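What follows is a set of notes on a single structure, which appears directly below.
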Amino acid sequence: MDQITITFPDGKTREYPRGTTGLDIAKGISPSLAKRTVVMALNGTLTDLADPIDDNASIDFVARDDARALELIRHDCAHVLAEAVQSLWPGTQVTIGPTIENGFYYDFFRNEPFTPEDFAAIEKKMREIIARDKPFTKEVWTRDEAKKVFADNGEAFKVELVDAIPEDQTIKIYKQGEWFDLCRGPHMTSTGKIGTAFKLMKVAGAYWRGDSNNPMLTRIYGTAFAKQDDLDAYLHQIEEAEKRDHRKLGRELDLFHFQEEGPGVVFWHAKGWSLFQSLVGYMRRRLAGDYDEVNAPQILDKVLWETSGHWEWYRENMFAAQSAGDDAEDKRWFALKPMNCPGHVQIFKHGLKSYRDLPLRLAEFGVVHRYEPSGAMHGLMRVRGFTQDDAHVFCTEAQLAEECIKINDLILSTYSDFGFEGELTVKLSTRPEKRVGTDEMWDHAERVMATVLSEIKAKGGNRIKTEINPGEGAFYGPKFEYVLRDAIGRDWQCGTTQVDFNLPERFGAFYIDADGAKKAPVMVHRAICGSMERFTGILIEHYAGNFPLWLAPVQVVVTTITSEGDDYAKKVLAALRKAGLRADIDLRNEKINFKVREHSLAKVPALLVVGKKEAESHSVSVRRLGSDGQKVMPTDEAIAALVDEATPPDVKRMRGAA
């Protein structure tokens, strides 16, 4: 019998008969290894343990507590969910049930939609199915056989899915006891390996294949983990996230609102606009001296977007309009800009550029508009009109590494200043199959960025985690993505550094090199916050509305115990505002405890309480948000302390360096 060579994680090899399964190999090594293994990684790809191995391969046995098994726990749980539903409600049709971030879902077709009240019964049935510990077994059916079986079972959606499978692919059926489903796999060895650390989370409506012309399905979302402690931690995070929801806090703190007449665009209230402007002001200070701030038009002729490629590749996401009026010669199509980059190339092209002018760094807080389906919009996190803290660096190839390092340092220090001191991930996405530019250009850019990534890791120490995403770069160049972690452990992708070989050449942008030749610059797209609206939403949730003093829309409120302190309170207010603090006053004839509670709910960081005694001693009673105590201080001393605390971190650094 033919032999194959299997390579193990320690580099050792062993010969086996062709067709040996992963389970056979595991049993031959150790019965305990076979017992704890749920799937194998064959040449790095998770594969059913019972699959025969026909060629030389590397193998790694994956146990249930391995991080790689988590997706399978969730995938298998989705299958158990589907079996439970069909067991409880015969006649329900199952459609698709993929894993998603933090869980899974399954879409069902039933005349009466499911509700959260059904979850208890479904979860009970799921636990019964898991306890039976039925093995997952794979069968390969012919296309006609699969269609006939599903049609006979009244599973019209499955018949459609079989038809959609390419002719060169096999039809795989996975069974768990008597129940079976169409699935690509892989799966763990049995339902018992799923465990009981799962929970159904919510229901939603979803059109079949995402098309509103198709039937409406009921989507049941769930989550599953290897351990109960992990599930409990996740559920706590969800509970905490609901408390911190920026949409809820936006209403409670009077920051912003949305309404039907302006879907996906923000109505900023005074306090919210103050927060937004604090963010913009910070970014402006960080750019001063290194970047030229510019402003490109918001609406431009479609000719420009045709040249950039957006009209061909991004048209469905753009807002376009034809010019008004009856003049036929003036009838032109325009589009609101979805991105700032084409406008910045026009500014670069205006006037001859020499290599001595590079790097040229152009920054803009540009308002862009992109179409998002109404169902995809989510508060500040996903809107149709937003502001980008966009910048584009035009440089030579030799300058690329230094510019990427400078951008990285700016991004990391910015996140630290805003309180994101936890783990941060920097991902390098490399060339996709379809791309512009020569292999030599990509080789150079990827070498540079890989070197930069190593330097980022070395400088960042334990705080920085780095990853490489092969084939995930844009068609016009490799990129870095920055993923920060918030106060409750959620990850947010915000910053990007994107190399672009394409756009300068499309627009014929060039500089004169040292030898007098025209040369296209390397263009680096850079964003730190990304969408300023989204970053504001992240800040709201990160701080749960309890902003540090330098960011708080209202930093301090002066309030009185009785009307005897009104005149003195007004003098204190004037002194606070003269010192540059965002201050307000509360002279209402209400009990002081009522006022304190109200301003605490409004998350005002500092209250200065004054009465007759404070007026006579030129002092204030300082109450801080989250503290039950108070401290009596001379007014000048209290104001000086607040001014120091309200000084933005970047300004403090500049003063310290002066």
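Easy rule for this one: first residue shown is 1, then count along the chain.
Glycine residues also receive a Cβ, built from the backbone N, Cα and C atoms like all the rest.
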Recorded Zn(2+) site member, picked from HIS269, HIS310, HIS378, HIS392, that accompanies CYS341, HIS525 in Swiss-Prot: HIS392
Which same-chain residues, if any, lie at least 6 apart from HIS392 (Zn(2+) binding site) yet have Cβ under 8 Å of it: ASN340, CYS341, HIS344, VAL345, PHE348, ARG361, LEU362, MET523, VAL524, HIS525, ARG526
Other C-beta atoms that fall within 10 angstroms of the C-beta of CYS341 (Zn(2+) binding site): 24
Additional residues surrounding Zn(2+), by Cβ distance to the CYS341, HIS392, HIS525 centre under 8 Å: MET339, ASN340, HIS344, VAL345, ASP390, ALA391, GLN498, ASP500, LEU503, MET523, VAL524, ARG526
Mapped DSSP class for HIS392 (Zn(2+) binding site), helix or strand or coil: strand
Residues in the domain 'TGS' (1-63) grouped by DSSP into helix, strand and remaining coil: 14 helix, 30 strand, 19 coil
Rounded mean pLDDT for the residues that make up the domain 'TGS' (1-63): 95
